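Before any comments, here is the structure.
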Amino acid sequence: MTTDTADSDHHRPQPGPVWKPIVVALLIIGVVGGAGDQFTILGPWYDSLEQPFFKPPDWAFPIGWSVIYLFTATSGVLAWQRPRHASAKRWLLAVHLISAAINIGWSYLFFVLQRPDWSLIENVFLWASVLWLVVITARCNRLAAWLLAPYMAWVTFAFTLNAAVVWLNAPFPGVAMGG
């Protein structure tokens, strides 16, 4: 009895091009990083905020975020390689995009609208989206899920930092629009 391996391979899902998830990951982190950079306005309003004693220096934030983005992109690429079904890959991409949008929203609320109180509430959704991302990613690749640990840790710390800023500076009565 002979087995035609070519025929059985024909029915097995074939992996897509390796470069596609890399390009998608780079696009996502480029958009998130670019938006975060555009929205992060360290001007007179920010300088006037009383900061908690445990706030890292401002120069540490872009370094930390660069590491987080690198790990998140690597995680996404590794996780993308595992699912055989397109629906699993769509879910993985969707959760990455949702988390990215919420991440951008935090910067907009905090820096552009100058509402640390609103960004604190939004931070709960960001934390939940990162947790969801870890869970979805762990189903595909455990190493990829572990690469999200710095993101989860930072968002947890950022919540504490954000809460302290609200505590030290509330209330935030007006919404700044431009200028």
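The backbone N, Cα and C atoms fix where each Cβ goes, and this holds for glycine too.
Feature annotation from TrEMBL assigns transmembrane segment to 21-39 (among others).
Same-chain neighbours of the transmembrane segment (59-79): 21-22, 24-26, 28-29, 32-33, 36-37, 40, 92, 96, 136-137, 140-141, 143-145, 147-148, 150-151, 154, counting only residues six or more beyond its ends whose CB sits under 8 Å from a CB of the stretch. Positions annotated as transmembrane segment by TrEMBL: 59-79 (among others).
What TrEMBL lists as transmembrane segment is 91-112 (among others). A Cβ distance under 8 Å defines the sequence-distant neighbours of the transmembrane segment (91-112), meaning residues of its chain 6+ beyond its ends; these are 24, 28, 31-32, 35-36, 39-41, 46, 72, 76, 79-80, 83, 118-119, 122-123, 125-126, 129-130, 132-133, 136-137, 140, 162, 176.
Here TrEMBL flags 118-136 (among others) as transmembrane segment. When Cβ-Cβ distances below 8 Å are used as the criterion, the transmembrane segment (118-136) is approached by residues 79, 91-92, 95-96, 98-99, 102-103, 105-106, 109-110, 145, 148, 151-152, 155-156, 158-159, 162-163, 166, 172 of the same chain, each at least six residues removed from its ends.
Look at TrEMBL and you will find 143-168 (among others) tagged as transmembrane segment.
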